[in-house]
């Protein structure tokens, strides 16, 4: 989804500036062992009921890494049953002190930190993202998000209300119950943490379906959940496909809430399934076509760099990617030249090499989808300025691609490509670019680059997006809410707002013989 709070990490001079040099990063494990390939239900490793398995593929080579259990509806039923039992009144989990839930989450964070190199290596192997980003960005965020919500566990509570009459009134923030969670493949461990941490901090139990493209790191984290001491049934991890296992979670009558991160198209299906079943609570973090707007007074070098990383970070596989770059007419030509040169300099290659900036797309389907959009952009009349083809002969690599002369009615201007393709647009006036930026079904993020504070503040109010960045991009921390307007989803993850999605507010009113202030 995004680049976390490490704004200098991906700078021109040092992509590993949080460490003194690339040499300061630990060496990756090039062939990590794969100890877990079964479903994790009730703190036990189990085969799928059907005994089916499916392959997980190394996108760097296109070769099969191994096979994992293919869970489906029957396995979801088993997992939901375990989660419901763990959530019953009087269970060890329900009777556990909130501070103890926080201690378990902190313990989990410690275990992730202990195994950080292994987990980062596993993420790079299965997902294809550069190891230095897996280690320095993703794992850093994972550890922080578990610790952040651990701190909230005994601080998220109700309040007393001075209501009229002879009554004493207070509210309780209670866990919703069994939470179904469906996570994507672009940030497997991060998305797992974004969803697990607030759910567990507030006392829920979880049935999680992980992406079929990237199951390995999530399964290993399940082993750490057991090692940390979470009771059986509190967390259950299912590997399988969306139309079977994912749909079973969304439709399940004994799942109280579903949280999904992924495409807007699937988000519609999740919302419908929730409505057609038991009206379960729904949180959706979906797609985007986010604008980056560069005004003529912007710091040119900085804006070029930020807009480049806004799009190309994580191989363009971010829902909040800055996938529409609007540049004021008077600086458009210079910005375009610098942007093309920067894209040509981006190092594509083996993600285990510490100076690699761009790895492969996650799988063959995404690889072909992105190449299809590149061909479509050329057919529609956009000018291909660099890239536009595969890189190398093995794996799913695509050269960084920049289009100029893009028009708003082109499909590459309207649809989420989810790959390393940067379309550039020209604009003349502020009101014009605001209208064009907002003319989209999406509303996840936006950015504006300017030295004029008044203009910056005006844009932050005018842009229809859940997050607006000024003179930066992709800066997200566990402390700040993240989510979208319009068809980019509903609800928020992270921060204090992220806790609201996992609790019900109960009002308790007691008649008293006499009320005194």
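Using N, Cα and C of the backbone, Cβ positions are placed for all residues, glycine too.
Features reported for this protein in Swiss-Prot:
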type: ACT_SITE; residues: 285; note: active site, proton acceptor
type: ACT_SITE; residues: 319; note: active site, nucleophile
type: BINDING; residues: 262, 263, 264, 265, 266, 267; note: NAD(+) binding site
type: MOD_RES; residues: 51; note: N6-acetyllysine
type: MOD_RES; residues: 52; note: N6-succinyllysine
type: MOD_RES; residues: 52; note: N6-acetyllysine
type: MOD_RES; residues: 81; note: N6-succinyllysine
type: MOD_RES; residues: 364; note: N6-succinyllysine
type: MOD_RES; residues: 364; note: N6-acetyllysine
type: MOD_RES; residues: 383; note: N6-succinyllysine
type: MOD_RES; residues: 383; note: N6-acetyllysine
type: MOD_RES; residues: 399; note: N6-succinyllysine
type: MOD_RES; residues: 399; note: N6-acetyllysine
type: MOD_RES; residues: 414; note: N6-succinyllysine
type: MOD_RES; residues: 414; note: N6-acetyllysine
type: MOD_RES; residues: 426; note: N6-succinyllysine
type: MOD_RES; residues: 426; note: N6-acetyllysine
type: MOD_RES; residues: 429; note: N6-acetyllysine
type: SITE; residues: 186; note: site 'Transition state stabilizer'
type: TRANSIT; residues: 1-17; note: transit peptide
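Features recorded in Swiss-Prot, as mapped to the structure shown.
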| residue | record | DSSP (3 states) |
| --- | --- | --- |
| 81 | N6-succinyllysine | helix |
| 186 | site 'Transition state stabilizer' | coil |
| 262 | NAD(+) binding site | coil |
| 267 | NAD(+) binding site | helix |
| 319 | active site, nucleophile | coil |
| 364 | N6-succinyllysine | helix |
| 414 | N6-succinyllysine | helix |
| 429 | N6-acetyllysine | coil |
I'm trying to understand the geometry here, so how far is the Cα atom of residue 285 (active site, proton acceptor) from the Cα atom of residue 186 (site 'Transition state stabilizer'), in Å to the nearest whole number? 13
Ten-angstrom check, please: count other Cβ atoms within 10 Å of the Cβ of the residue listed as 'active site, proton acceptor', all chains counted. 29
In which DSSP state, out of helix, strand and coil, do we find residue 383 (N6-succinyllysine)? strand
Those recorded positions, out of 319, 383, 426, that come within 10 angstroms of residue 262 (NAD(+) binding site) at the Cα: 319
Does anything in the same chain, at least 6 positions from residue 263 (NAD(+) binding site), have a Cβ under 8 Å from its Cβ, and if so what? 286, 287, 416
Taking the recorded NAD(+) site as 262, 263, 264, 265, 266, 267, identify the other residues of that chain whose CB atom sits within 8 Å of the mean position of the site's CB atoms, giving them in sequence order. 260, 268, 269, 270, 286, 287
Per 10 Å Cβ neighbour count, which of the modified residues 52, 81, 383, 429 ranks highest? 81
Spatial separation of residue 51 (N6-acetyllysine) from the residue listed as 'active site, nucleophile' - C-alpha basis, Å: 34
What DSSP gives for residue 399 (N6-succinyllysine), in three states, is coil
Around residue 426 (N6-succinyllysine), how many other CB atoms lie within 10 A of its CB? 19
